[in-house]
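Reading through the C-alpha cells given below for one structure.
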Amino acid sequence: MPDAKTKTTDDKVIKSEEQWRRELSPIQYAVLREKATERPFSGEYEHDHRAGTYVCAGCGNVLFESDAKFDSGCGWPSFTQPAVESHVDEERDVSHGMIRTEVLCAKCSGHLGHVFPDGPGPTGLRYCINSAALKLEPK
C-alpha cells in the first residue's frame with residue numbers, strides 16, 4: 001500500500017528520490033533508480049529455480065513468471081517474455097558505446113535490465129534482468 005507521500009497517477013507510482021532511498025536497499029536503489037547493473041553471477045535469482053512470480057522490487061508490479069525463466073549463461077536471470085506485456089516498457093539505450101533496448105517497470109519506471117534478440121523459443125527474446133530489481137513471490 002503506498003504511503004501518504006507516494007503518488008499514483010494513471011497506474012504510475014511516483015516517489016521522491018529520498019523516499020526511494022529509504023525504501024530500497026543500496027543495490028536496489030542503484031539498479032532501479034540509477035540504471036546500474038549488478039555484477040554478473042552475483043544476483044540472488046540467477047540460479048533460483050523455484051516456481052513463482054517475479055515482481056518489481058520497487059513497486060510490486062508483476063513482471064515475469066518462473067516458467068518463462070531460462071539459464072542463458074549470461075550471469076543474470078533471463079526470461080523469454082514478461083508475464084504481462086504492458087507491465088514493462090522498452091527504451092533505446094545508447095550508453096557505454098552500445099545500442100541496446102532497456103527494459104523498465106511500466107509502473108514505477110525502475111530500470112530492470114535489457115532485452116536482446118538472441119533468446120530461445122517461443123519468442124526468440126532474452127530479457128536479461130538484474131536480480132536486485134526483482135522480488136520472487138514463490139508459488
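Note: Cβ is positioned from N, Cα and C throughout, glycine not excepted.
Per Swiss-Prot, the feature domain 'MsrB' maps to 17-139; the stated evidence is sequence analysis. Marked as Zn(2+) binding site by Swiss-Prot: CYS56, CYS59, CYS105, CYS108. The active site, nucleophile annotation in Swiss-Prot covers CYS128.
Projection of Swiss-Prot feature records onto the structure.
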| residue | record | DSSP (3 states) |
| --- | --- | --- |
| CYS56 | Zn(2+) binding site | strand |
| CYS105 | Zn(2+) binding site | strand |
| CYS128 | active site, nucleophile | strand |
Q) Using DSSP, how many residues in the domain 'MsrB' (17-139) fall into helix, strand and coil? A) 28 helix, 40 strand, 55 coil
**Q.** Cβ-centroid neighbours of Zn(2+) site CYS56, CYS59, CYS105, CYS108, 8 Å, sequence order
**A.** VAL13, LEU32, ALA57, GLY58, GLY60, ASN61, ALA106, LYS107, SER109, GLY110
(Q) Taking 10 A as the limit, how many CB atoms besides its own sit near the CB of CYS108 (Zn(2+) binding site)? (A) 21
Q. Of these recorded positions, CYS59, CYS105, CYS128, which scores lowest on Cβ atoms within 10 Å?
A. CYS59
Q) In whole Å, how far is CYS59 (Zn(2+) binding site) from the residue listed as 'active site, nucleophile' when you measure between their Cα atoms? A) 19
Q.
What's the number of neighbouring CB atoms sitting within 10 A of the CB on CYS56 (Zn(2+) binding site)?
A. 24
